[in-house]
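Participant: Before anything else, here's the structure in question.
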Amino acid sequence: MLSVEAVHSYYGKAHILDGLSFEVRRGEVVALLGRNGAGKSTTMKSVMQLVRPRQGRVMFQGADLVGEPSYRVAKSGIGYVPEDRRIFTDLTVMENLEVGRQPARKGAPDWTIEQLFDIFPNLKERRTNRGKHMSGGEQQMLTIARTLMGNPLLLLLDEPSEGIAPVIVEQMAETIKTLKAEGLTVMISEQNLHFARAVADRAIIIEGGEKKFDGSFAELEAQPEIRDAYLSV
Amino acid sequence: MAFFFAQLLTGLANASSLFLVASGLSLIFGVTRIVNFAHGSFYMLGAFIGVTLMEVLPGHFGFWGSILLTGLAVGLIGAIVEIVVLRPIYRAPELFQLVATFGVILVIQDLTLMIWGAEDRLGPRAPGLRGIWRIFGEPVPKYDIVLIAMTPFILFGLWYLITRTRLGVLVRAATQDREMVGALGVNQAWLFTGVFALGSALAGWGGALQLPKGGADLLMDFNIIGTIFVIVVIGGMGSLPGAFIAAVLISVLNVLGVTYLPSSTLVLMFVVMAVVLIIRPYGLLGREEVAGEHGQVGAPETPIRPYGRLGQAVIAGLLVLMALLPLVADQFLLILTIDMIVFALFAASLHFILGTGGLVSFGHAAFFGGGAYAAALLVYHFDTPMEIAFLFAPLAAGLLALGIGWFCIRLTGVYFAMLTLAFSQLVWSLAYQWRAVTRGDDGLISIWPTDWLSGTVPYYYFTLILGVGGILFLRHVIHAPFGYALRAGRDSPRQAEAMGIDVKRIQFAAFALAGVMAGLAGGMFVFSKGSVFPTELEIAASFDALIVVFLGGVKTLAGGVVGAGFMTVVEDWLTRLEYWRLLLGLVIIAVVIIAPEGIVGSIRSAWARYRGTGDEEVAK
């Protein structure tokens, strides 16, 4: 479904992604693992074209996304949940969802606000609250719900477990499983190996903008040296 | 009491047109972050197009239909301007777009002159609303009452659009974080165009609605833009209810001011704005601007480096050429070069506070003109020798900058810019209205240099030494620890504070130094011209300097100097032509689009690309 091919991305002069390649297949949940600064967020931004890769291709459903404006990437069916949430703090929950709303898309689950309220009951209670009056966990749920309103085929979740209470993290894991059951393809970036193992089918480990491991969690268990070298556990 | 009430009604009637125009500006700024100086031009276009349509279309339907059509036409023109001029430069440094909008002002001015001619047009009376109604015995024009009655509906219509429609939700979301709106699948380019068109249409409607009370003339654009900015800033940029409250406040105060305190009219609104900003730094209903929260942090700033061997050699060569210039040049060329050096120092001082300090001042002419006036007043009233009077130019400007800076430095961004503008207007109105001392717009004349400097050639060397010296001094300061601290405060105020830099104090000192240097340029100016007029303190003078700095390049030291040279030459050449504004506007727009980093910045980037050491761009 998504295939990142030898992508090089930069921030100014800093070379962040160094020929990174990987694939995400329809229906799976993939965890992108790596330390702080390994290039996880940049990978997601390079898919979204929020950071424009200097070299390489980002193929989605057979089309190269490199050079497209971000809104076209979103319209082609990729939903993006940024690490820092970026909810619209002056807008209410309902209005935040409205910004994300896009027409139904063939082959993707078609979300209604009611369905999303079933998954995120807190949002229903707070539907008329402004974003700035919500807790970190609620904001995290809102930002996921907002992206789902676009009926994406592929969901990119940047560090969904970061900075929220442990009980919410549990809830988040359940949510991701629900999304997978609905037929969504998901890629999460994580530092929390435990969380990743709980939700993902496959792990990709990057370091210095290069891929160091790509395989199942069972294979990763079998190679503790990789875990020790590239993940801070 | 009845008279007072009638006055109040006049104020409220004026407010309705002002509110329309101001809400358009506020909307455009809220979403696109563009400080659109050309907004007054759309208002003027609205008036001219409205008059023309009303002449063609008869009766009630004709009048109101013309107003409706005018808005649509001006909206369309706005959309074209956005697509052609602004869309290519959204990624340019913040506030760079305002230079482009200044080019748009000039182009629209001359096009309007070409199409409608120089004569003022009287607006037609609204059919059926020609007379007056008596309210408590006082005559109030019927049209005023209709305008007052319409305003709540306009406010409600805009409020509904912004709070209850999908477009409004997207607009508000984009006001906060447009990049995220794009990542959610919304085409921002069209959202921006739509908002710009709507904002322009509102200005057009404002221009057409005021026709029966006023008319259409070629000065409308500049006459209204100051007021509109004041209203938007008082209300809080991006806030419609704020703009409404401020429009009513300013209109009513203006009407009362004309009646009870006529000498206050020029400054009243600027005083109100200054008071509001000092108490509420983000306007009545505005919210704090946080840099970078709109997904528009530019590429990381390249550190300013001293020039290499080659650069130093080129500059030394240029200086030698300038020193030898009197051997070959005629009187005219020497005077032009003096003007250029004076302007270059003025621009360099603005560049210092703007580029290095990150503080965009809209009122820098206050220090240039202030310095000029300080010296001229001493000579004019006390026959002070030039040697002493001249010293007072930088001194007085520096003191003025300390005073103004004390108020302004606590603000940031557009609010800082507007407060500096307000203070410069105060200084200007002082020069303009305190006739006993300043002789008003008759100016101060016969301010000639002392004997040993009275020839053109000696004065040329005097200017060259002080001008180049001043510019080199600023350059030195930028590379000194003080300059590092200033740049640290610009790029990252919090980290700078955490490192123990008192950012506000550094900025305060830099603001004062910029004032001193501008005053020095003002002193050089007044003795080269032999006179000084309030025009040197006008908004236009401040904007000239701003445009020069942006055109030259904000991020390069030579920017202000090169921009000043470019502008002096281009203006000298173009103003000989009939439609020079049109051409100058097009030149400005072209430079802005072709060289978005300014002339020097773009040359440097091209050079770096050629050498293969370019700064790689980050797509945002």
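Backbone N, Cα and C atoms are what each Cβ position is placed from, and that goes for glycine too.
According to TrEMBL:
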TRANSMEM  B:25-49  transmembrane segment
TRANSMEM  B:61-89  transmembrane segment
TRANSMEM  B:95-116  transmembrane segment
TRANSMEM  B:189-212  transmembrane segment
TRANSMEM  B:259-279  transmembrane segment
TRANSMEM  B:310-328  transmembrane segment
TRANSMEM  B:334-354  transmembrane segment
TRANSMEM  B:388-407  transmembrane segment
TRANSMEM  B:414-434  transmembrane segment
TRANSMEM  B:506-527  transmembrane segment
TRANSMEM  B:547-570  transmembrane segment
TRANSMEM  B:582-603  transmembrane segment
Participant: With pairs fewer than 6 apart in sequence excluded, do the transmembrane segment (B:414-434) and the transmembrane segment (B:388-407) have three or more C-beta pairs that lie under 8 Å?
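Facilitator: Contact confirmed: at least 3 Cβ pairs fall under 8 Å.
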Participant: Considering only Cβ pairs within less than 8 angstroms, which of the stretches B:95-116, B:259-279, B:310-328, B:547-570, B:582-603 has the most against the transmembrane segment (B:334-354)?
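Facilitator: The listed stretch sharing the most Cβ pairs with the transmembrane segment (B:334-354) is B:547-570.
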Participant: Between the transmembrane segment (B:547-570) and the transmembrane segment (B:95-116), are there at least three Cβ pairs closer than 8 Å, leaving out pairs fewer than 6 positions apart?
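Facilitator: Counting Cβ pairs under 8 Å, at least 3, so yes.
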Participant: Counting only pairs 6 or more apart in sequence, are there at least 3 Cβ pairs under 8 Å between the transmembrane segment (B:95-116) and the transmembrane segment (B:189-212)?
Facilitator: no
Participant: Against the transmembrane segment (B:189-212), which of these stretches has the most C-beta pairs under 8 Å: B:25-49, B:61-89, B:310-328, B:414-434, B:506-527?
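Facilitator: By the under-8 Å Cβ criterion, the transmembrane segment (B:189-212) pairs most with B:61-89.
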Participant: Mind pulling out the one from B:25-49, B:61-89, B:310-328, B:414-434, B:506-527 with the most Cβ pairs under 8 angstroms to the transmembrane segment (B:582-603)?
Facilitator: B:61-89
Participant: Do the transmembrane segment (B:61-89) and the transmembrane segment (B:310-328) share at least 3 Cβ pairs closer than 8 Å, excluding pairs fewer than 6 residues apart in sequence?
Facilitator: no
Participant: The transmembrane segment (B:25-49): which same-chain residues, six or more beyond its ends, come within Cβ distance under 8 Å?
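Facilitator: For the transmembrane segment (B:25-49), the list is 70-71, 73-74, 77-78, 81, 86, 90, 94-95, 97-98, 101-102, 104-105, 108-109, 112, 115-116, 121, 123, 171, 174-175, 178, 191-192, 195-196, 198-200, 202-208, 210-211, 214-216, 218, 220-225, 228-229, 232, 235, 237-240, 242-243, 294, 296, 414, 417, 543.
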